[in-house]
Amino acid sequence: MGAVSDGNGAGKIVVLRHGQTEWSRSGQHTGTTDLPLLPEGEEQARSLRAALDGHSFVEVRVSPLQRARRTAELAGLAPTALDPDLVELDYGGYEGRTTAEISADLGREWSIWRDPVVAGNTPGETLADVGARVDRVLERARARLTDGDVALVAHGHLLRVLTARWLGLDPAAGALFALPAGRYGVLGTEHGRPVLTGWALG
């Protein structure tokens, strides 16, 4: 099995969003709530196995939440580390609520990419907080790229912020990188510069 090399000796980072859950299907913000995959989410994860066939990874880092762990398992990826820095954004008081519901309560359009969350059962996080977490993840991943490819199995908003940071953009630029459940993207380099080489694949 070969790596997803770009021909210059540098490995790539493959980012995989977990399969569908009840809340991801309904649009409810799912941060720390540890929901299982739906049957369709399990099927999406199995499809990732076929999509990644032929790729080998020197490291597989996975969010400790069950929806990510189960996705990795069904995709045929054996975790080398469960990484708490890969847990989804903490939505605080907006956990389990949809963007439409939050906007209706506020009387204006609300966006996770522009507006703060409020404290609830958990304190919530800012995009800057998440940016700091994914920067640590990327630092660990970069240390392995000379050996081959790295897989990261995690969550939608988290991986969108991570992709923005890989490209040298502010965390809020994650708004540009919609990633459906059960899909993956590839982060690589071209002439030594970070690039996006594939997105929403699977």
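Using the three backbone atoms N, Cα and C, a Cβ is placed for every residue, glycine included.
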Binding-site annotation, TrEMBL, substrate: partner of Thr30, Gly31, Glu88, Leu89, Asp90, Tyr91 in Arg67, Arg69, Arg114: Arg67
Rounded inter-Cα distance in Å - His18 (active site, tele-phosphohistidine intermediate), Arg67 (substrate binding site): 6
Integer Cα-Cα distance in angstrom, Arg67 (substrate binding site) to Glu88 (active site, proton donor/acceptor): 11
Recorded positions compared (His18, Arg67) - highest count of Cβ atoms within 10 Å: His18
